Each structure stands twice: as C-alpha cells, then as structure tokens.
Amino acid sequence: MNASSRNVFDTLIRVLTESMFKHLRKWVVTRFFGHSRQRARLVSKDGRCNIEFGNVEAQSRFIFFVDIWTTVLDLKWRYKMTIFITAFLGSWFFFGLLWYAVAYIHKDLPEFHPSANHTPCVENINGLTSAFLFSLETQVTIGYGFRCVTEQCATAIFLLIFQSILGVIINSFMCGAILAKISRPKKRAKTITFSKNAVISKRGGKLCLLIRVANLRKSLLIGSHIYGKLLKTTVTPEGETIILDQININFVVDAGNENLFFISPLTIYHVIDHNSPFFHMAAETLLQQDFELVVFLDGTVESTSATCQVRTSYVPEEVLWGYRFAPIVSKTKEGKYRVDFHNFSKTVEVETPHCAMCLYNEKDVRARMKRGYDNPNFILSEVNETDDTKM
C-alpha cells in the first residue's frame, strides 16, 4: 500500500470514527437526558391529550358507570375483549348453575335414581357439564334437540324466557360496542396528517405562520373547518397566574377557513399582524418563548357522515423561522396531478424579516418616503402673510 492510499484509508477511518462517535453521543444524550430536556406539551403530535386527573371523589367516579356506553367505547381493546369474553362465559356458566339447581331441586339427576315414569324439568341433564351445555345452547339458540325443557316445571319455563331475553341484550350490547369501536371516526382521523414543523415566512407581502395538512384518503371531509389555540402561561393585571391560557389563532387558506376543498394537501397560514400573539416575537427570541400551538381540523366523513376532529401541536422548537414548504404537487404527462409526500414536511430556507414589527416598520418608512417626507412628527401648516412679514 503506497503513501497516498494509506492517507485516503486513514482519512476514511477517521471520518467513520467521528461519525459513529457523534451518533453514539447523540443517542446517549437522547436516551438518558432527552426526557428532562423535552418541553412539556398538552397535546401530543398524534392528538392525544397529556393530562391527568387527580383526587377525583368516589361519587365522581361512579358517573363513569352511569354512562356505561361511553365508558365501554373508550376502553382499550384488551379490556374490551376481556369484558366481551367474560360477559358470555360468565352468563353461560351462571345460568348453567341455575339449570343445575333446578334439576337438583326437582331430583332429576341420576344420583337421585328417579323412577321410570318421572318427568324431569329438563331432559338429559345429568350433571353440571350437561347443564352448562344446555345453558350455552339456550342462550346462543343452537338448539341441538338432545336437551329440552318440559312443561313439568314453571320455574324452568320462566328461567328459559329470562335467559333468552338476557342473552339478546348481552349480544346486542357487546356486538354493538365492538362495531361502534371499529367504526369510530377517530380512526378516520388517523389518515389526516400535519407537517412535522410549522414555518414562518412572507406570503403575499405579509409575515405568516404556515402549516401543511394532507388527507391521505381520496374520500373527502365535508364542511372542514380549521382553527388553532395558543396555550401559554399568562399573568393577569390582578396578579393571577393562568397556566393554560387559551388564545384564538385564526388559520385561513386562500379561500377561507371553512368548507375546505380537501382533495390535495393544503398549506394553511396565520397572518402575523398587530392582533397576532406572535407579533412581538422575533427569530432570535422564538426558542425562549413558552407556548404550545394546538391546531384543530373538524369535518364530516363523507362515507359515514360521522363528525371527526384531528389535532396536533407545535412547540417553539418545531416552529422554523425563515423557511417555507417545498412544492409537492406536480402535473404528469398524462394530465394527472401527482402529490409527492416525500417532500411533505421538507422545508426550504428563504429570506425573511427577523420580526413582524420590523416588517411593518419598514412598510411605514417606505410609505412615508413615497409621500415625500420621512419624519412622522412633521406637520405641514399653512402660513399667512402678516404686516410684519410683508416686504
């Protein structure tokens, strides 16, 4: 190996070693110290609310059982399937015990040695196992025909009617809960995605905060409406500290903020003017701010007519000042419009004023210079000739 090849090899080894060390250090910092450095947020990127209720009284907890339908729908799948299986197995075994008790009280079991002309309440129940099988056949209406109720016992007839009615109720409730869980519009909201970052740049001569949102399905959202809430800690003039103070943020598209034609990805924007809470922020102080921007998208699912809401949030580290989104819509040779989701969250750096106040002050200066004066306090007054000023 000559000297030049050895130098190239040494350089390659050094670059690879530095790269591996850099990634290892980044992983260690993220793994062991990242959680302490992360900013707390109320709404996660996928729309889940990070909130915990403490010291809830027992009476308040009982309300969840009063509204049992919503409680069952909100349960996780593992708990729901546990309740589903337990409800059926428990009811079958419970009524199996009742059928066994009826046969035991009426002395229909073989251990009582019934006579040849003895008519049992239920034919062919010889023990707890056969009683359980009869309960199963009755509730799910299998009807094999080997075991059946006779007209000998009114108790058995009443128990048969009661189990049949209760079985229909259990079937309706549990199957309805499973179907409602599957068809909830919350799953449709998973196919609506927001850009990873929000950007701040000029648009139409105004400084705007822009966010990109896309519908991954071809079916539309009817009557879509988009808006935002800025959550921050504020102190009132009376000295009260409000931890999660909510400030309305108006987002618009070129056509407005309601009834969006959501067939392709949209770039929504908020104009940073004198009424915007972002007006006094600057590129240098953005990361020092303590706020969370929560964005909501409400709409009606076209296929099911169910109303759904999609939400996400952005913290200061996820707002890029001086960037805009890269184009993602193009036209093919066949005349179709193609959306490239590879560039969905990709941003491009552009020249942007470092604060909104600077942009509007610059516009005021240009307007004054265009009118012929640059002193905002200068007032042109009419002067009349007097006897002292006449020549």
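The backbone N, Cα and C atoms fix where each Cβ goes, glycine too.
These numbers come from a predicted model, not from an experiment.
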So one of Asn117, Asn343 should carry the feature N-linked glycosylation site according to Swiss-Prot; which one?
Asn117
If you check Swiss-Prot, which of Ser19, Ser44, Ser195, Ser219 turns up marked as phosphoserine?
Ser44
In Swiss-Prot, one of 28-34, 140-146, 280-286 is tagged intramembrane segment. Which stretch would that be?
140-146
If you check Swiss-Prot, which stretch out of 128-139, 200-211, 248-259 is marked intramembrane segment?
128-139
For the motif 'Selectivity filter' (141-146), mean pLDDT (0 to 100):
78
I'd like the Cβ neighbour count for Gly228 (ATP binding site), meaning other Cβ atoms within 10 Å of its Cβ, all protein chains included.
22
Measuring Cα to Cα, tell me the gap between Leu230 (ATP binding site) and Ser44 (phosphoserine) in whole angstrom.
14
What whole-number Å value do you get for the CA-CA distance of Tyr227 (ATP binding site) and Ser44 (phosphoserine)?
17
Ser224 (ATP binding site) has how many other Cβ neighbours within 10 Å of its own Cβ?
22
